[in-house]
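Database features (TrEMBL):
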type	residues	note
ACT_SITE	A:Pro2	active site, schiff-base intermediate with DNA
ACT_SITE	A:Glu3	active site, proton donor
ACT_SITE	A:Lys61	active site, proton donor
ACT_SITE	A:Arg277	active site, proton donor
BINDING	A:His97, A:Arg120, A:Lys167	DNA binding site
DOMAIN	A:2-123	domain 'Formamidopyrimidine-DNA glycosylase catalytic'
DOMAIN	A:253-287	domain 'FPG-type'
Amino acid sequence: MPELPEVEVVRLGLAPAVTGAVVTAVDVFDERAITRHDRARGSFADRLLGRRMLAPKRRGKFLWIPLDDGEALLAHLGMTGQLLLRESWARPQDEPHVRVRVELTHPSLHELAVFFRDQRTFGSLALDELTAADAGDLVPGQVAHIARDPLDPLCDDSAFLVALTRKSSAIKRVLLDQRAISGIGNIYADEALWAARIHPEQPANTLSRAKAKLLLAEIRLVLAKALTEGGTSFDSQYVNVNGQAGYFAHSLNAYGREGAPCPRCGTPIVRVSFMNRSSHFCPRDQRLR
DNA sequence: TAACCATCCTGTTAGC
DNA sequence: TGCTAACAGGATGGTT
């Protein structure tokens with residue numbers, strides 16, 4: 001599932017290919033792939049055609065490519081979305097689930113295409129207006145409410161720690177709330193909580209400040225490590241822009257390891273249902289207090 | 001206002 | 001062999 005490290009890998013892969021490129025053709029094969037796009041403000045394809053792209057940006061799991069006139073091509077990959085670089089002559093019908101094709105011409109590279117593939121159609125593209133957010137950053141309107149992510153140098157640690165003290169919700173629910181801190185999904189929430197020895201259902205406001213700071217540090221460690229390993233791939237549902245899988249799945253300690261021994265103490269990892277998804281944790285190291 | 005939950009979607013797998 | 005149900009989970013809007 002694309003979380004912060006996976007989206008960042010995609011952003012890094014896209015950057016050299018799209019920065020400075022001009023859109024020469026747009027094909028939308030499935031309207032569900034642009035559900036985030038406000039049709040009242042014009043056709044997605046018509047408005048994107050002819051626009052010049054600037055360097056891609058990211059906040060949390062949202063990725064966008066600013067355009068030369070105050071708007072941006074916004075992308076959220078959802079669960080199975082992929083942005084893939086292809087030769088301009090590659091045929092979308094030769095691979096499954098290609099929902100959108102954007103053809104580009106680049107001042108110094110040859111022509112190429114970006115395919116937006118998405119099996120489960122939870123992802124979406126949109127054209128969105130850039131608006132001023134905190135610290136003067138320009139972000140798409142749909143991203144304005146998303147908190148900075150833990151790898152952002154301007155991430156406000158103290159604001160996050162204070163927010164924890166005001167929430168009675170389970171800590172995992174808070175980690176998954178992109179308004180509190182962004183970029184964390186089910187996989188890295190389980191991994192960071194395992195590393196910090198915190199039960200997923202521990203109320204956020206019962207964590208000591210020291211424990212909360214430890215958790216934030218572990219979140220940063222797990223995200224950074226996943227980034228260096230190219231992200232987490234369980235199957236073909238997460239790949240970089242060249243279609244290559246990441247290696248971080250081999251480094252997981254809790255997520256997806258139900259019944260396997262905890263790498264610290266050997267106790268079998270358990271899986272429980274939580275928020276319509278699964279939580280994995282060590283019942284010995286991560287006790288509800 | 002905070003907290004929580006249903007909903008969207010499709011490929012895979014388990015169970016019958 | 002074929003059918004059905006369960007499952008995976010990010011963001012969001014609605015309800016409590």
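Note that Cβ sites are derived from N, Cα and C of the backbone, with glycine treated the same way.
Feature annotations (TrEMBL) mapped to structure.
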| residue | record | CB count, 10 Å |
| --- | --- | --- |
| A:Pro2 | active site, schiff-base intermediate with DNA | 27 |
| A:Glu3 | active site, proton donor | 24 |
| A:Lys61 | active site, proton donor | 25 |
| A:His97 | DNA binding site | 18 |
| A:Arg120 | DNA binding site | 11 |
| A:Lys167 | DNA binding site | 15 |
| A:Arg277 | active site, proton donor | 12 |
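Taken together, the residues of the domain 'FPG-type' (A:253-287) have an average pLDDT of 89. Closest to A:His97 (DNA binding site) by Cα-Cα distance, out of the active-site residues A:Pro2, A:Glu3, A:Lys61, is A:Pro2.
Restricting the active-site residues A:Pro2, A:Glu3, A:Lys61, A:Arg277 to those with a CA within 10 Å of the CA of A:Lys167 (DNA binding site) leaves an empty set.
Here the candidates are the recorded positions A:Lys61, A:Arg120, A:Arg277. The one whose C-alpha lies nearest to that of A:Glu3 (active site, proton donor) is A:Lys61. Cα of A:Arg277 (active site, proton donor) to Cα of A:Pro2 (active site, schiff-base intermediate with DNA): a span of 16 Å. For the recorded site, A:Arg277 (active site, proton donor), the DSSP three-state label reads strand. Reported as a whole number, the C-alpha separation between A:Lys61 (active site, proton donor) and A:Pro2 (active site, schiff-base intermediate with DNA) equals 7 Å.
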